[in-house]
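Student: Take this structure first; my questions come after.
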Amino acid sequence: MKPFSPELLVLSFILLVLSCAIRPAKGRWILWVIIVALNTYLTMTTTGDSTLDYDIANNLFVITLTATDYILLTDVQRELQFRNQKGVEQASLLERIKWATWLVQSRRGVGWNWEPKIFVHRFSPKTSRLSFLLQQLVTGARHYLICDLVSLYSRSPVAFAEPLASRPLIWRCADIAAWLLFTTNQVSILLTALSLMQVLSGYSEPQDWVPVFGRWRDAYTVRRFWGRSWHQLVRRCLSSPGKYLSTKVLGLKPGSNPALYVQLYAAFFLSGVLHAIGDFKVHEDWYKAGTMEFFCVQAVIIQMEDGVLWVGRKLGIKETWYWRALGHLWTVAWFVYSCPNWLGATISGRGKASMALESSLVLGLYRGEWHPPRVAQ
């Protein structure tokens, strides 16, 4: 593969911003073609680091999906508003570029008129920058400590010692939990750092930031796990094509069950493609990880889950704490059963070294190993 060009990635992002900043015009689709061409080329390049290649490939497809939404499917300047801001198409070019940059960056829609009604923890508009700084520093330190503790497990000989699908149940659960904890807290560290930079620079306000992951106690169904507890960084770009397909192409009534299930299956299909592209970069094989199967079956199980819950409501069963507890057990059991092939291939491709920090506060305080030896892939 040819070497990766970060300049072309930056160019792709700039073109996406410009496509949202220019006033509505029929020729905007040309920018979409250029963005898709750039991203397709970059997907066939490599940095030499499999973990970085995986992340870059995923983000390239996210940019492509976002460009499809904002250029082809949505009249962004007329349909999307930030905090009731109106008339952006009449604003100056500089103001439209600022607006478009914030739109492209706002993957979760916080503060926009398309924000999902699921975010329960957010900063008050009255929160000072100093208070935000202190709270986010504590939050970031907590996330780092959890990653550090998971690193201790990743460095042990029992961690990820064999393919995940063939592991004894207890070690399979331990490996999945380690991956889940490390991944969620690592992503949270990155978003916390980004929030600090933007708020302290005056680019954004404390109220523009919410935790990247929802409450785990809300994940008592598979649907709620994906829709509330898991990150929502790709929610819009995965759902917009399905909404267009269901209402504009198939002519289904918005909000009807047929339309919603078309959107559900389309979103998980695109999620499968997104992750399969990353897996291909690592394994050079579209099928080894079973990525498409894993993500597409999530839609199937959610529809079955909806049916069971519908029957329960018809029987007069009320939602109580013990039913939620049973739901949590069901959700955990489902992922322990369904994710070993995909997750195992992902971990083996990236190596367990990707879940071992290069520096460790815990080991440093415990035995002076501030920079422990590198873990073998």
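Each residue, glycine too, has its Cβ placed from N, Cα and C.
As the structure is a computational prediction, the values presented were derived from the model and not from experiment.
In case it helps, Swiss-Prot gives these features for our protein:
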SIGNAL    1-27  signal peptide
TRANSMEM  29-49  transmembrane segment
TRANSMEM  56-76  transmembrane segment
TRANSMEM  176-196  transmembrane segment
TRANSMEM  258-278  transmembrane segment
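Buried or exposed, and what's around them? Tell me for each listed feature.
Tutor: Under 8 Å from some Cβ of the transmembrane segment (29-49) lie the Cβ atoms of residues 1-5, 8-9, 11-12, 15-16, 18-19, 56-57, 60-61, 63-64, 67-68, 71-72, 277, 281, all in the same chain and six or more residues away from its ends.
For the transmembrane segment (56-76), the list of distant contacts is 4, 9, 12-13, 16, 19-20, 24, 28-29, 31-32, 35-36, 39, 42-43, 47, 100, 103-104, 107, 233-234, 236-238, 240-241, 244, 270, 273-275, 277-278, 280-281: same-chain residues at least six beyond its ends, Cβ to Cβ under 8 Å.
Counting only same-chain residues 6+ beyond the ends of the transmembrane segment (258-278), those with a CB under 8 A from a CB of the stretch are 43, 53-55, 57-58, 60-62, 65, 234, 238-239, 241-243, 245-247, 250, 252, 286, 289, 291-296, 298-299, 302-303, 342.
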